[in-house]
Each structure stands twice: as C-alpha cells, then as structure tokens.
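What Swiss-Prot annotates here:
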| type | residues | note |
| --- | --- | --- |
| TRANSIT | 1-53 | transit peptide |
| DOMAIN | 61-288 | domain 'ATP-grasp' |
| MOD_RES | K78 | N6-acetyllysine |
| MOD_RES | Y84 | phosphotyrosine |
| MOD_RES | K88 | N6-succinyllysine |
| MOD_RES | K88 | N6-acetyllysine |
| MOD_RES | K129 | N6-acetyllysine |
| MOD_RES | K139 | N6-acetyllysine |
| MOD_RES | K143 | N6-acetyllysine |
| MOD_RES | K216 | N6-acetyllysine |
| BINDING | N258, D272 | Mg(2+) binding site |
| MOD_RES | S279 | phosphoserine |
| MOD_RES | T341 | phosphothreonine |
| MOD_RES | K368 | N6-acetyllysine |
| MOD_RES | K438 | N6-acetyllysine |
Amino acid sequence: MAASMFYGRQLAAAALRSHRPQTTLRAAAQVLGNSGLFNKHGLQVQQQQQRTLSLHEYLSMELLQEAGVSVPKGFVAKSSDEAYAIAKKLGSKDVVIKAQVLAGGRGKGTFTSGLKGGVKIVFSPEEAKAVSSQMIGQKLITKQTGEKGRICNQVLVCERKYPRREYYFAITMERSFQGPVLIGSAQGGVNIEDVAAENPEAIVKEPIDIVEGIKKEQAVTLAQKMGFPSNIVDSAAENMIKLYNLFLKYDATMVEINPMVEDSDGKVLCMDAKINFDSNSAYRQKKIFDLQDWSQEDERDKEAANADINYIGLDGSIGCLVNGAGLAMATMDIIKLHGGTPANFLDVGGGATVQQVTEAFKLITSDKKVQAILVNIFGGIMRCDVIAQGIVMAVKDLEIRIPVVVRLQGTRVDDAKALIADSGLKILACDDLDEAAKMVVKLSEIVTLAKEAHVDVKFQLPI
C-alpha cells in the first residue's frame, strides 16, 4: 500500500501529537534510512501502517518489573498527599517526580500552573508534595501536545539513581528485517533522532529470527557493540532478552528504553520505558487494553476507535472521507497540489456501514476548522450506494451547511448517484478526482473568506 512522501511526514507528525505509533524510534528509523546506513548493509526502512496503544510510563515499568527487568523502585501517586507518603516510604535523600502524560518532551514542558518541567528532582517528602501539587490536575504543554496540552492525573515517584553511563535500547518490528530488530546506542538519555542525524554510526542493530527467537549470543554481541563494560555485558544481555520476551508476550510493536544505564553500583537498570501495543491484538490482550487512558486522547480519537474508523486530525480546512489508506493519502496530496490543506486523514475501510459513514461525518464536522468536505470512494468491496446512503443521512441529520463534494467510482456507482440526486440535498457530484479536488479547494476558500467577512454564504449549486 503506497504512502505519499509528503503526507507520510505529515501523518508522522500528527501521530506524535495524538500518541499513535509514530515514535522517536520511527523518526530515527526515517533519518537512518535517509542517511544511507541501512543501504550500506543491504537493508531498507519501511513505514508500516498500524494503530497502536501507548501506556503511561508507570504502567510500562510495572510490566518490566513483572518480566524480571531491573528498574528503579517507584510508585504512582494520584494526589500530592500520596506523593508525600511515597517519598517518605522510599526513604531516599532525593527522589524523582515524573509527570504521567502521554507526550514526549516532558522535561522541557510547562504546566498550566506555571511549573516548568515534567520531571523534577526533589530532596524531601515536603518538596515532593509541593511539586506534585503543581503537576496533578494541571495540563502539561510540550512541543508534541501543542497549545492544548495534556492533563496530568498522576505522577511517578521513584528513587533517584546516579548513572555512570547511559545507553539507548529498543525493539521494534521492521518489515525489511522480516521480523523484530534490536536497536542500541552508546548515546542514551538524549533524542535518538539527533543521534541518528548527526552520528548514524553510533546506532547498532541486531535482527532477530522470529521463528528461532533471540539467542543469548545476539544479546551479548549487541551489548558489546553498545559499549557496556565487560563485567556487566551479561547483565545487560539478560535484560535485553527479558525485554524481548515481554515484546512478544504482549504483542508489542515497540519497546523503547531511554536510558538503559549502568548505575553507580555497577548494576544495569532501565530508567524509562515506552511500550506500544498492536491494536489488532486487543482481543487477546484485554488486560493491557483495559489500561488505556482516554483522558490523554483527543475525544475524536476515542469516537473513531469506537466506530472502527482510522482517523488522524490535521491542521487544514478540507475534511476528507476516503476508503483505503493509500487512496486517502493520494487524495490529501491532490488537495495540497491544488492549494488546499487537508483537515484530517480518514479511512472508513473496505466494509463500511451506513452508520460508520455517518459517524465519519460527525468526526469531520466536529472540527470547526473544516470549511468543505471531499468524499472520494473507489468501490470494490465497498459499495458506492452504501456510502451514498451514509452521506445523505449525515447531511440531513447533522444539518451540514458547508460544501460537500463527492467523487464516487466502482460498485453500484449509478445507484449511488441516483440516491444523491433524489435526496434534493446540495451535494456536489464529480466523476474526476482532479476536478473534485479543484472544486473543494475553491469552495473552502470561498467559505473561509465569507466567514472572515462575516458574510453568510448559502450554496445553491446544481448537482
């Protein structure tokens, strides 16, 4: 399924904002691919379309503990009083308070309370209480969240460790390797994108045979390449093997440890964990998927998931409803080609029902930036008349007052056109995709200009 270069990048950025599968690791993979490092070894980086679940750090750390992976001692607090009690219980001179928000860049973020930084070192239970009170119940604004920010409902209170060295370690599924791959670097605790861009040779990898599984010598080899001292190579390898087993057990698409460290006592610890899970495994990973925190998601993401619709919000003014991810991105590109900006990626899939089409329109029109809508359907498995029924129902029920341009081709297209024509609604039909894109761009510009001038524009255009 081909993905356009332009909107591959746009969707990656949007996925980061909505905490979908595009992570720092995938961004690094893209940079690595561009660097020529993979080509040098006869490998290719391929982006894979997946819907994934991300969990809070404290939940990921609990999974690591259950798997026998070495992690710092810590507990989650949902109030400042709980943070005080945990800090006292840990009995350490200093502890770390980490805001539990599903967004990268926490350390450089700012809370609506005015507190700067979502990761703080404190030196007493009293200070733990004071700092956590400025985090819990407040929104953390980072580069990834945008101005809206994300609510912080709890904090992780954990013991502070003093690392001698920091490393980066991750496991991901990569099609070009035909299975999982371990990725490591001696440069941990920093943005892996920067490492990949500035020093790609610092990143090492070890493909794993999905049938044979991970071998200890593979983990040992990677640990050595990452620069672990000889006296703790075996310990690092053991943690990598346990992480790989966790990766398989829970149908993860990515496990990222940044940093994995050698602490002042010479022990290997995983200081931070990000785990993404394949949403296709929800039926057999109920324990994991019941942990999803919907307060961290855009309300439209939740509605889309409930309706089984692939949706990602963008920043444009033209709503898109398409069947098939490849056609959806091609549609977005042709809108951009003619000077428009898509407001979303929306794929209703090959077997959409009338209800799903209606739900798709609800998602699109809930975005107040949308000034016009383009429906582009190529009916193979998907019947055009079903789409048409959904369009007519949605336009009526939602009282849509912005232009709707429809381009239908394929199965039962004549029945679909008849349904639209007989509806009496001002839905604009167009057989040619290029013409449909030009039309929706012009109409969105007219609506935008009219709203800016406080003019009420009514579209009385023939079908």
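Each residue, glycine too, has its Cβ placed from N, Cα and C.
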* Looking at the recorded positions K129, K139, N258, K368, which ones sit with their CA no more than 10 Å from the CA of Y84 (phosphotyrosine)? -> K129
* Asked: About how far apart, in whole Å, are the alpha carbons (Cα) of K78 (N6-acetyllysine) and N258 (Mg(2+) binding site)?
  -> 25
* List only the single closest residue to T341 (phosphothreonine), chosen from the modified residues K129, K368, K438 by CA-CA distance. => K438
* Structure fact -> If you count the other CB atoms within 10 A of the CB of K88 (N6-succinyllysine), including all protein chains displayed, you should get 15
* What is the number of other Cβ atoms found within 10 Å of the Cβ of Y84 (phosphotyrosine)? -> 21
* To do: Could you check what DSSP calls K78 (N6-acetyllysine) once collapsed to helix, strand or coil?
  => coil
* Helix, strand or coil: which one is N258 (Mg(2+) binding site) in, per DSSP? -> strand
* Which one is it: of the recorded positions K139, D272, K438, whose Cα lies the shortest distance from the Cα of K88 (N6-succinyllysine)? -> D272
* Structure fact -> The predicted model's mean pLDDT over the domain 'ATP-grasp' (61-288) is 93
* To do: Compute the C-alpha separation of K139 (N6-acetyllysine) from K129 (N6-acetyllysine), stating it in Å without decimals.
  => 18
* Asked: Any idea what the Cα distance is from the residue listed as 'phosphoserine' over to K143 (N6-acetyllysine), rounded to a whole Å?
  -> 26
* For the recorded positions listed here, N258, S279, T341, which shows the highest count of neighbouring CB atoms within 10 A? -> N258
